[in-house]
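> From TrEMBL, here are the annotated features:
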type     : residues : note
TRANSMEM : 38-58    : transmembrane segment
TRANSMEM : 95-111   : transmembrane segment
TRANSMEM : 123-141  : transmembrane segment
TRANSMEM : 147-167  : transmembrane segment
TRANSMEM : 174-191  : transmembrane segment
TRANSMEM : 197-220  : transmembrane segment
TRANSMEM : 285-303  : transmembrane segment
TRANSMEM : 405-424  : transmembrane segment
Amino acid sequence: MAGVGGVRRKSPVSPSPLWGKLHTLWQDKYLLLFKTEYTLLVVSVLWFLEIGINVWVIQKVAYTEIDWKAYMDEVEGVINGTYDYTQLKGDTGPLVYPAGFVYIFTALYYITGHGVNIRLGQYIFAFFYLLTLLLVFRIYYHTKKVPPYVFFFVCCASYRIHSIFVLRLFNDPVAMMLLFAAVNLFIDGYWTLGCGLYSLAVSVKMNVLLFAPGLLFLLLSEFGLMKTIPKLSLCAGIQVVLGLPFLLENPVSYMSRAFDLGRQFMFKWTVNWRFLPEWLFLNRYFHLLLLAAHLLTLLLFAFRRWKRPGESIFELLKEPGKRKIPAQKSTVDQIVLILFTSNFIGMCFSRSLHYQFYVWYFHSLPYLLWSGGVKKLAHLLRVLILGLIELSWNTYPSTNSSSAALHVCHLIILLCLWLAPPLLSAAAETQEQKAVKDKRH
């Protein structure tokens, strides 16, 4: 249509959907921090930021030798033909890790020029760190439980975690990287492959067994006893195959060293029990009390929090199709919460926690805090708990106050998990999401 003076008017150009979204974000900046829909955007920015942070840490912060040389000495013994675990040792003591550790660190031994090129080793561990973050962020993206601003505390803000990975080169991060890969497989429904990867994680360090009670519960819930046995057999079979050279040489020494559940820890390194007298910390009856509390808490959670209301725990032993209450597939939230809670309970009742053990549960803490059932536990209080835990792990040497604060934070998280409402089934979750969507429209 012609305008005044015969000049044709230009029709207004509608803004692109992307521009509209960016404009909305600029207008309501808080959305980016608090709405879980923006998780992918926030974690992508943080992950690329972490590349620069890791390079800066490696280049500017002094490397500290703790266990790397000992690891290299231990695997060098294997390379030289020694398969008896009683004969394998390093500067810090005997080899006390399963066979998977030996194979992975043997590869690192050769890659780093017999362990001499530590700078290269640091960059390899920086890669492990970034891969672990990808795996962790993927779990959080699928659960959509934690607001995006919290992910800054999951990566950039933790000095101790960067130190464990790229300044200390411990084996704990390698075990946890494999564990988080297994959790990703579980949430995608690849249970057999996930069990195989989980067993590989156990073969690097035994702490991964803290996830085992939760994993057993999930397997029984998903498959029943008869179909769970092959998956457990796969886990055991991998351990046997990996440990075969050492089992053939001296099976007793391998089992007693690599899977020593009664190993005594040194009081001077403890992070969580500093406020106790040393004689009590070393007392075997105290250790038995902690073990009993650990098992009792696991049973309480399994019977009262993990199983569905009205369902007998023994029903899980039956095949899903033969149960009184129709079996339903575990949701992503159920899988992640049960696994992370199982591990967290183990951390709460551990005989001792050393500084590198922080990585055992660090990445799961935000999920556990935002899964709690206390509505009055506001964002600020949750962040404060994260900060206190970080402070406790960064206090060196630990003090009565730092270890007591750690236990208080653990207790608050445990109580919140206990008070949390039951997780929705897959069908109910889908129905609720549909209702929320309809309400928005």
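The count begins at 1 with the first shown residue.
Cβ atoms here come from the backbone N, Cα and C positions, even for glycine.
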> Check the transmembrane segment (95-111) against each of 38-58, 147-167, 174-191, 197-220, 285-303 and return whichever range has the most CB pairs under 8 Å.
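It is 197-220 that shares the most Cβ pairs under 8 Å with the transmembrane segment (95-111).
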> So which of 147-167, 174-191, 197-220, 285-303 has the most C-beta pairs under 8 Å when paired with the transmembrane segment (38-58)?
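Checked against 147-167, 174-191, 197-220, 285-303; highest Cβ contact count belongs to 147-167.
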> Which residues of the chain, 6 or more past the ends of the transmembrane segment (147-167), have a CB below 8 A from one of its CBs?
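Residues 32-36, 38-39, 41-43, 46-47, 49-50, 53-54, 57-58, 61-64, 122, 125-126, 128-129, 133, 136-137, 140, 173, 355-356, 358-359, 362-363, 366, 370, 379, 382-383, 386-387, 390, 393-394.
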> Cβ under 8 Å to the transmembrane segment (285-303), counting only same-chain residues 6 or more beyond its ends: which ones?
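Tertiary neighbours of the transmembrane segment (285-303) are 213, 217, 262, 313, 341-342, 345-346, 348-351, 414, 417-418.
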> May I ask for the residues of the chain that lie six or more residues beyond the transmembrane segment (197-220) and have a Cβ under 8 Å from a Cβ within it?
97-101, 104, 171-172, 174-176, 178-179, 181-182, 185-186, 191, 228, 231-232, 234-236, 238-239, 242-243, 258-259, 261, 298, 302, 306, 316-317, 330, 334-335, 338-343, 345-347, 357, 360
